[in-house]
Amino acid sequence: MLRALLYLRLHSLRNLVVTRARRLRQPRYFAAFVVGGLYFWWFFFRPLIAPSHGRHLRVEPIALPADFAPLLLGVAAVVLLVILAFSWIAPGPPRSLAFSEAEIAFLFPAPITRRRLVHYKLLNSQFSIFFTSLFFTLLTRRWSFLGGNLLMHAFGWWVVLSTVNLHFTGAALTLLRLSHDGARHPTRRLWGLALLALAAVAAGVWFHHPPLPATDLTGFTALARYVSAVLATPPLSWLLWPARAVLHPFFAADASEFLAALAPAALVLLAHYGWVVRIDAPFAEASLLQAQRRAARVAAWRAGSSRLRPARLRSRSGPFALAPAGRPEIAFLWKNLLSTRPYFRPRVALATGVALAAVCLWLRQRPDYAPLQLMLLTAAAIFAAYTWLIGPQLARQDLRSDLGNSDIFKTYPLHGWQIILGQVLTPTAILTVLVWLALLVVSLCLPASRIAWLTAPVHLAATVSAAALVPLLCTLQLLIPTAATVFFPAWFHATRGLSSTRGIEVLGQRLIFVIGQLITVLIAIVPVAGVGALVIFLLQWLIGLVGAVLVATVVMAGILLLEIAVGLHCLGRRFERFDLSAELRP
């Protein structure tokens, strides 16, 4: 029977490869495959084999302070523990044991034991974990400050991902078993009593443990030492031990430390494997329900529905009070905001801004934490840039999600440009708020006193000007993927389907979209920036730098508004002639 399961797995993999290869006969997939392959070659494989680098598997070490190594491992263990805790707080279905409808129809009635089915699915999940580990290794190949080499990092990633996968599967099966037994079953009571007893023992050990010696936390190094000492104090260290054991092979600095860390990591991994295999949970019913939901999602996608998941009927308050009469674009904003997460609300953004401002102002009063302030400044600047550049590909609460409803929108008594504008308002609002929060951190953490010409008025004028231009820049960015949706719907539709979410060719298609968007944005932004710089250069001698910055902001905003108006007009006319059934016809 084991040979039959192995035969099934190998031929399924072969059929997957053959299907992907046949899809390359289509020009759009072949071109995207070439682009994706060049991307992987240039950024991942070329540095590994290029003779100029002089290293193949060895990562050049970078000096890391001795105080930071245990801190990185401890913080990573806390993060991993929080991730594992979410498998109990917000559990999902056991995806590693998710059987397809064909597997349910043929394997469940077959003379195969339950444990062998579990072994088959767990080993089946190792294919994706193996390739994911290789991909993460390529992404983190420049983390030379950790020491080790690529082989050690690849094995470390495999241990971490395998343990997380087994823990999520075990948690889902355990909760499924408890739910199947019923709330009044003694097993659930025993679990609750065991957790209470464990919490009581941990609290007793914590209170009776001698306190840490007083430490002067006037520097970042001292703070790092203190945090490391806290994480190494029982019972917190006991709680973090499994996570540390799993992460230690990845953080090993050399081969001897790596070999010493293998035994604890293997112990935790094998314990998880035995836990999952021995749980007597009724996963067959859950697998059948999950297969039915997957089939419903596939049918919805093939029918052109924008919702790939069944909507849950749940009452929610609106993002804001919608007036009975007003601009129709605001109604689109209200509708799309209602479909987002509850934390995309004005009050959440305001509370986040107040908290970030309080932290930044506190850091400004503590010169000893200048390195931390600089790190926060750099992180906020990078976050703002990535949000503006990559955010439009992620914030899809616009026409890209409502493409299947385009025929309904065309029946509204609205112009095409009004529908396009209403659709881009929600992602524009989300990206604008995120960039504003990052801009707030940059403005408060910027050491203006060290820059002679950056006086307080200039600093304030530059911040206000940047904040005023952010909504226009985000709107301009979002018009480009909207244009790709209405002008090239077949390409766009190929990158969003359930059957096409993986593969180098799909990555290549998305890269083509991103590169095209960046080129278009540069064509639109560079002249505007040049005009703004010219206005500042000419007027700073007449009205001062502050006045020149404000005037340049008004001029640049006017040009951006003109570009947005032209884009809305062109996209609106195209949308009025848009026919989804004709555009997606094979």
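The backbone N, Cα and C atoms fix where each Cβ goes, and this holds for glycine too.
According to TrEMBL, the protein has these features:
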TRANSMEM  29-49  transmembrane segment
TRANSMEM  69-90  transmembrane segment
TRANSMEM  122-143  transmembrane segment
TRANSMEM  155-178  transmembrane segment
TRANSMEM  190-208  transmembrane segment
TRANSMEM  255-275  transmembrane segment
TRANSMEM  344-363  transmembrane segment
TRANSMEM  375-395  transmembrane segment
TRANSMEM  415-439  transmembrane segment
TRANSMEM  451-472  transmembrane segment
TRANSMEM  511-539  transmembrane segment
TRANSMEM  545-568  transmembrane segment
> Same-chain Cβ contacts of the transmembrane segment (511-539) under 8 Å, 6 or more residues past its ends?
Replying inline: 31-32, 35-36, 39, 389-390, 392-393, 473, 476-477, 480-481, 484, 491-492, 495, 545, 547-549, 551-553, 555-556, 559-560, 563
> With the transmembrane segment (375-395) as the reference, which stretch in 69-90, 122-143, 415-439 has the largest tally of C-beta pairs below 8 Å?
Replying inline: 415-439
> Residues of the same chain, at least six outside the transmembrane segment (545-568), with any C-beta under 8 angstroms of its C-beta?
Replying inline: 417, 420-421, 453, 457-458, 461-462, 464-465, 468-469, 472-473, 475-476, 479, 483, 524, 527-529, 531-533, 535-536, 538-539
